[in-house]
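These notes are about the structure you will find just below.
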Amino acid sequence: MARRWSTKESPRWRSALLLLFLAGVYGNGALAEHSENVHISGVSTACGETPEQIRAPSGIITSPGWPSEYPAKINCSWFIRANPGEIITISFQDFDIQGSRRCNLDWLTIETYKNIESYRACGSTIPPPYISSQDHIWIRFHSDDNISRKGFRLAYFSGKSEEPNCACDQFRCGNGKCIPEAWKCNNMDECGDSSDEEICAKEANPPTAAAFQPCAYNQFQCLSRFTKVYTCLPESLKCDGNIDCLDLGDEIDCDVPTCGQWLKYFYGTFNSPNYPDFYPPGSNCTWLIDTGDHRKVILRFTDFKLDGTGYGDYVKIYDGLEENPHKLLRVLTAFDSHAPLTVVSSSGQIRVHFCADKVNAARGFNATYQVDGFCLPWEIPCGGNWGCYTEQQRCDGYWHCPNGRDEINCTMCQKEEFPCSRNGVCYPRSDRCNYQNHCPNGSDEKNCFFCQPGNFHCKNNRCVFESWVCDSQDDCGDGSDEENCPVIVPTRVITAAVIGSLICGLLLVIALGCTCKLYSLRMFERRSFETQLSRVEAELLRREAPPSYGQLIAQGLIPPVEDFPVCSPNQASVLENLRLAVRSQLGFTSVRLPMAGRSSNIWNRIFNFARSRHSGSLALVSADGDEVVPSQSTSREPERNHTHRSLFSVESDDTDTENERRDMAGASGGVAAPLPQKVPPTTAVEATVGACASSSTQSTRGGHADNGRDVTSVEPPSVSPARHQLTSALSRMTQGLRWVRFTLGRSSSVSQNQSPLRQLDNGVSGREDDDDVEMLIPISDGSSDFDVNDCSRPLLDLASDQGQGLRQPYNATNPGVRPSNRDGPCERCGIVHTAQIPDTCLEVTLKNETSDDEALLLC
């Protein structure tokens, strides 16, 4: 009664197989991309940092360890992408996750947009089907560290929302959508309009009572899977391994038949129970293959058909004899129902485990194994190490040998040509696997072990152009052409980057140029204005202002102008100017000199002073006797003119006396004497001696003429007047030169201790273009009160006794009389004493004056 299925499938059934489903992993939940030959990893890649990419049109996804408990504290994610314009439908087949009120402990989410949750489920109730609105979805599974359950198992299918035609193993919904045939009448609305469940209600209506007929004692009632009506079957069909009832009533609660064996040969074959008939529900078989050789074992499934209803049936293949999840090579399910399937081990041992649920059954599988390099007795070697093929595979248009030996030299084709199929169409070797179909059925591009030059060999034995590799498009169908691609920047990006860098560089140069220009303008503006000195610079450059003339007099550093001593009224101005000239040369007074003439000698400075007509002062030494000298009294002009003339006279005393008489006569109203000739003195000594002698004579005679008083004249010594005058002049000149030499020597050693006048001279800046030096010294009004006999003092010491009124003349013979003030550098210490002279310095001064001025007392 049971219907037997043919061992060979028709071409129509083969072409109508379910669209290359992706196999789910039993125990580990690992997934792999589906193609004609699918390799599934033993360890899931979904439970990691990145989601597992799935591109197959359909498949099964299970939680890690299903149907056993899933691990604690895991996070798994899957990303399913369909073709553009398609939608994805998910149908849950088993679901058992720890439940909570808001599903915040263990949960499963489905998202159309990343990180935007649209579906969350937990608990033990199977969720309703999920239909996406986009061509991609994210599936995420999370578990905490508490309770673990069995997990979930779901199937997905992708297709367009409306198809004109569906495959023979698919069901067309009322809205035009196609779903797998197995989803019909499963109490799940995968169509979206419940059209896949409406027809089931009509078919499930039990027949009327009249349709039932009583069965004999050795029979049982069964809803035939073939006629779909209740019938009576003999008891012998129960638990025979063959399903006769639609509801599997004849094979439920039966003992599982013993299956599986230990295979120890280099080659062999095995199959599922009752093959090619349906295997019994609940079958659990294991085959251990141990060839005793270290070489690889090649396992081929020539026929494979499993049931996918309920929990699903599966076949697991392990590398080795132990059931080690880490050595899992492949998991085959109902979605791998195509042949041939090939699995290669890494050693000479393989473990094959087959498990079926008790819900439904299918035809099963047929498999062969052999050591790498050996062929089965009924196979023909391909040559070398290229494998084997059978006689049925000869000239069938499909390459079973990598070198094409099973398809070469066929009767319908010429030499070195290969048939497209058994219809007589052939093609040359150069057209094989070049990604260009020359056969109507495309057999020249199938099962390509090698590709023509310029093509890339995909993992699913397809060939694509090399230029299509790493172009961000899946051309192989399994994504192998986009794996391990280097990060190559497109030419457009490089061009844009170069142009952008050039523009940025140009802008940078312009910015730098503008910055430099602004900086130069800023610095130019800063140089155009005077900036204030910093505090440190101001402290370094700050100099103390020199004291005023009044402060110097008040402090006693310099004497008043009235204190300069003179021998006669006519001689006062000349002697004062001469003393100041010598003092300025020695550094004791402030005289402003031009820069070019400061290195001149002392005598050029003395005789090069010009008279200033605007200052009211006297020139130092004038060679012009007729020059008018301003004064406060007109009676003093003849005396001063006479003094000027006598400074330049080098004649005898008689000549001087005669000249004095002329001057006196002219002064008293007589006839004016002729002007004397301008004879310049030969030396400064003669000028100095002449000035002293003339001043003495003028003072004596002027006293008789003006005052009318009798003055006792001093008798000259026995020596001749000329010799006495020369001796006195030489003595005074010697003393002056000795004073100058001493002062010059002391000035170099006490340069750091200069007088205030010298400091004043250094601190005052004058005009560099002044050629003349003026010495503004007022003329004393008390010249008539001076003692005419006080001309015996040294030349450089004449102003020491000048005071506010009449002062006692200095007498060298009376050392008890101490002058109150003394100008000029001290002979002992080299310092100018403008106030009281110390006793130590006074003793040395008195001693020198006593010894040096004895010859000068003749005046």
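Placement of Cβ uses the backbone N, Cα and C atoms for every residue, glycine included.
What you are looking at is a predicted structure, and each value in this text was computed from that prediction instead of being measured.
The compositional bias 'Polar residues' annotation in Swiss-Prot covers 748-757 (among others).
Feature annotation from Swiss-Prot assigns compositional bias 'Polar residues' to 802-814 (among others).
Residues or ranges marked as domain 'CUB 1' by Swiss-Prot: 47-159. With DSSP classes pooled into helix, strand and coil, the tally for the domain 'CUB 1' (47-159) is 0 helix, 57 strand, 56 coil.
Counting residues of the domain 'LDL-receptor class A 1' (165-201) by DSSP class, helix then strand then coil, yields 10 helix, 6 strand, 21 coil. Per Swiss-Prot, domain 'LDL-receptor class A 1' is recorded for 165-201, and the stated evidence type is sequence analysis.
Annotation comment: Swiss-Prot describes 214-255 as domain 'LDL-receptor class A 2', evidence class sequence analysis.
Annotation source Swiss-Prot lists domain 'CUB 2' at 259-372, citing sequence analysis. Residue counts for the domain 'CUB 2' (259-372) under DSSP (helix as H, G, I; strand as E, B; rest coil) come to 6 helix, 53 strand, 55 coil.
Within the model, the domain 'LDL-receptor class A 3' (374-411) shows a mean pLDDT value of 80, rounded to a whole number. Sequence annotations record features per position, and here Swiss-Prot assigns domain 'LDL-receptor class A 3' to 374-411.
Among residues of the same chain six or more beyond the domain 'LDL-receptor class A 4' (412-449), those with a C-beta under 8 A of the stretch's C-beta atoms are 395-400, 402, 404, 455, 457, 461-465. Sequence annotations record features per position, and here Swiss-Prot assigns domain 'LDL-receptor class A 4' to 412-449.
If you look up Swiss-Prot, you'll see 450-486 marked as domain 'LDL-receptor class A 5', on the strength of sequence analysis.
The topological domain 'Extracellular' annotation in Swiss-Prot covers 33-492 and rests on sequence analysis.
As annotated by Swiss-Prot, transmembrane segment applies to 493-513, with the evidence given as sequence analysis.
Sequence-distant contacts of the domain 'LDL-receptor class A 3' (374-411) (same chain, six or more residues past either end, CB-CB distance under 8 Å): 266-267, 269, 298, 368, 417-422, 426, 429, 432, 439, 441, 443, 446-450. With helix defined as DSSP H, G or I and strand as E or B, the domain 'LDL-receptor class A 4' (412-449) counts 6 helix, 6 strand, 26 coil.
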